[in-house]
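Trainee: Structure incoming, see below.
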Amino acid sequence: MARVRSSSSSRLRYCNPAYYLKRPQRLALLLIAFVCVTLVVWDRQTLLKEHEEEVAKLNEQLSHLKSLVEDSQNVQGDAAKKNTLKDRDGEKEVGLDPIDIQRREKVKEAMIHAWSSYEKYAWGQDELQPQSKNGVNSFGGLGATLVDSLDTLYIMGLHEQFQKAREWVATSLDFDKDYEASVFETTIRVVGGLLSAYDLSEDKLFLDKAREIADRLLPAWDTPSGIPYNIINLAHGKPHNPSWTGGESILADSGTEQVEFIALSQRTGDPKYQQRAENVIVALNKTFPDDGLLPIYIDPERGRSGYSTITFGAMGDSFYEYLLKVWILGNKTSAVKPYRDMWEKSMKGLLSLIRRTTPSSFAYLCEKNGNTMTNKMDELACFAPGMLALGSSGYGPDESKQFLSLAEELAWTCYNFYQSTPTKLSGENYFFHDGQDLSVGTSWNILRPETIESLFYLWRLTGNKTYQEWGWNIFQAFEKNSRIESGYVGLKDVNTGDKDNMMQSFFLAETLKYLYLLFSPSSVISLDEWVFNTEAHPIKIMARHDADTSGKANGNDRPKIRLRGRKEGRSRD
């Protein structure tokens, strides 16, 4: 039954003395006074309570509206706070898809879970071992996960976590380590992570730290050819190559420092970083083949490639990626056109490695050794669809369409790497046999980002929401199989779901960042303003010109490229 609210005037009729004329007793008069006072007080309390309830409702509504506004601001993050949300053509404002908002928040929550687990069990150490709940210094104690995560925290609007990490960098990040460091890994994770944090926040602390670690890496380039050694002791120098390469340098390890070192020269005005990195390209161009494909081993003394595998997977991948990205980093000016020309040569070579399966006609990238083709493709090579999509716009209309179409075909194959296993997570590599399409080879999954990276680029460049759906399916598979109470782990076997004990730093730096951006507006880290290094650290695009290529450096400081012609696989338990 509905409750009827009485008016105050109807209740106060009992205060009229005429009402009690038939009851002249003093007690009645006293009762009149008592009733009057009681009713007046009760009435005021009732009205006050009703007023307070209305105020509470209004406050609740205000709080809800404030929350909605904050959520909308967090969608863009500080990285895009000056931008208006626009469609891909930049012509009109668009609303945010509620499903995208919901999914992006789920990814953000995953980042908070991963980060808080690292913070609780492995703070300041390189990586978290979630099952044993302890940290491990797999990169010499440089705080790899923390530095790798700086830009992800910033982009997601996790300000408190970012500031705490910034304080650790300021007070505890020490590079004077008696540690044999990978020049490549240290560059893409630490130099790249610090540069990205600087470009996003404009906090000079990060630039100073990036320069400090880069200075410790520079002696690795002191070779007769300019091709760097791949290992260096951070405290004592003394560069060398790993014994298992027979003294050779690795293609990806030697050709994946240009984005970071050129950017460092641009921001500091010191040309030495750019010079060392570009000397590598000068050396490689002296014998660059017509198909633009280089074997994975290079002699650092003579600068010549040895007889070894050609691959877009482990130890070859990011060399080709950086040919394109240095061109983008330099804002596609004439000063960096030689990189684009080299990349286009390599893409002709890539076309020669494309094969298709039966019966489903999945496109894949072969590996090559001499004249022998191997029908094997690493998950690491699944960066290639995104690279092809990103570079396709630099071609004329016909070739652009060809390479974008190939990118979409390869992305479909990479997505099926995930869909083909019981856990819906990809193995490390796949083999292809007539009549059988694809089968998993090495069956571990270490939370790699490459397929999601390509889905991100394809979504940004085509607007096809199918790529968002594929990315969401992969994210859900990670949530189901890799999330535990104390972080995220890889799988020892994607067929059984047996878990390992490592949360790779690139899971926070790359996998979750690309997933977050996959469900964010294109104005958040716009591809017109930023280029991602191979560890997904966004670096601000700055135009290069022949007369001024590195801040205070003049044109004579830049090595001239005479045209003739990714990251390595790792697994740890």
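The backbone N, Cα and C atoms fix where each Cβ goes, and this holds for glycine too.
Unlike curated records, TrEMBL annotations are generated automatically.
Take a look at what TrEMBL says about it:
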type: COILED; residues: 48-75; note: coiled coil
type: ACT_SITE; residues: E185; note: active site, proton donor
type: ACT_SITE; residues: D317; note: active site
type: DISULFID; residues: C382-C414; note: disulfide bond
type: ACT_SITE; residues: E428; note: active site, proton donor
type: ACT_SITE; residues: E450; note: active site
type: BINDING; residues: T534; note: Ca(2+) binding site
type: REGION; residues: 543-573; note: region 'Disordered'
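Give me the structural setting of these features: burial, nearby parts and distances.
Mentor: All protein chains included, E185 (active site, proton donor) registers 22 other Cβ atoms within 10 Å of its own Cβ.
Neighbour density for C414 (disulfide bond): within 10 A of its CB lie 30 other CB atoms from the protein chains shown.
Every protein chain considered, the tally of other Cβ atoms within 10 Å of the Cβ of E450 (active site) stands at 28.
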Trainee: Recorded positions E185, E428, E450, T534: which have a Cα within 10 Å of C382 (disulfide bond)?
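Mentor: So far as Cα distances go, the recorded positions lying within 10 Å of C382 (disulfide bond) are E450.
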Trainee: Would you mind reading off the Cα separation of E428 (active site, proton donor) from T534 (Ca(2+) binding site), to the nearest angstrom?
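Mentor: Here the two Cα atoms lie 18 Å apart.
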Trainee: Starting from the Cβ of C382 (disulfide bond), draw a 10 Å sphere and report how many other Cβ atoms land inside it.
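Mentor: There are 29 of them.
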Trainee: Taking only the Cα atoms, work out how far D317 (active site) lies from T534 (Ca(2+) binding site), in Å, as a whole number.
Mentor: 10
Trainee: Around D317 (active site), how many other CB atoms lie within 10 A of its CB?
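Mentor: If we count other Cβ atoms within 10 Å of D317 (active site), we arrive at 28.
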Trainee: How long is the line from the C-alpha of E450 (active site) to the C-alpha of C414 (disulfide bond), rounded to the nearest angstrom?
Mentor: 9
